[in-house]
């Protein structure tokens, strides 16, 4: 019964994160899961270039699409439920993985504490990211790993994890070698009857699913590795020095938990014979960091699967330390770790980059209710860095929308610039080339942008009035701002009072006129 209480506590924390975390993290949370599922279920939406090229697997989006289909059949497919239910599902899976972590670590109190408090896991544990799914599956697989006995149940979640995110194989290679070395079975029997059979079954099902939905025979893990490793497409979205994961990436993900993790490393290195599991986990962590460091494009979420490994090392060291620590020392350590996680979790979950999430309900209302003087529905133009917001999954209305794309240089063209770069280089030039002027009803009905762009396109915005201003972030970046602005096109008879007041005293720099071109908005 005690285990039931533990799971209830873990589940309560993960479900609470669904309602507490109301900020934007990375585009893939929506564009590689919810948006794909929405298009599969309802027939309209947007698929990014990764889906066109076949480097993503449909397995995860299909699970979400199944939820959407049930809602549609029950006529309960409101935008609110389309957003909420997938997060509740992911939070429940994360809670189960946390429970398995607690069982795996010998039901230690420090293990329960450490899996509940990490700021990064609270921040991402309920997000519909493939990386979140990968971290959950990794934890579940580790909990079934035959550390001191025999078993192969771990191979199922591990194989699924590797199929969905091929880079996960780096974690499991050292562990598979450890299993081979310590197994009572012969290496041939273990490889042929366990590794190969389970691997082929998982791969076969995954390939069949992807082949059906992509419309051609395709092995998405290979396509993923081909584009991201061999062609190094990821560097198009940013690059970091090789040591970034060691100095910034993993320490940031761990946060204050870096301190007990370093303590665990020291304990394990000094007395490796007393910490055989931690020793093997540290080898996997090191190998993974070294391999990932060879890829130019790096992100915090790419090492989220290492979090349970690091927390195990920390929990084991702290549990042994607790036997000789005083009550005061125990409470002080717990309080420092707790506060060191609560502060960033609260700030990043409720304050930083909250604009896109608060924006979407307003756009949803516009998409549902707006009609212009000709009874045309809304058509919305996002003049923002690409994928700055969720899309149809959060609006669930089949209205015209357009955003600035940022596809990489897949054709290896010289002097290549994506659409977003071309826009921000010369915003008014791009607008004149792509947006119709006459009649006025041909203009987008609504324009969404960051406040820092307003002055650069003030000439264009004289046709609009400000409808919403939404706080976003405290720190200005080159293409984002403190607020997200929503403009609505003026209708016949409306006075442009706002824009006259705002832009009357400004000296508008008129860029050279572009040659006439087609209306590319639609």
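If you go along the chain as it appears here, the first residue is 1 and each next one adds 1.
Just so you know, glycine gets a Cβ as well, placed from its N, Cα and C.
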TrEMBL record, transmembrane segment, of the ranges 90-109, 190-209, 210-229 the matching one is 190-209
Which range is transmembrane segment per TrEMBL? Of 2-25, 26-49, 242-265, it is 242-265
Across 58-89, 110-130, 154-178, 190-209, 242-265, the most C-beta pairs under 8 Å with the transmembrane segment (330-348) come from 110-130
Top stretch by Cβ pairs under 8 Å to the transmembrane segment (242-265) (candidates 58-89, 110-130, 154-178, 190-209) is 110-130
Sequence-distant residues near the transmembrane segment (58-89) by C-beta distance (under 8 Å, 6 or more away from its ends) are 15, 18, 32-34, 36-38, 40-42, 126-128, 130, 133, 160, 163-164, 206, 209-210, 213-214, 364, 390, 393-396
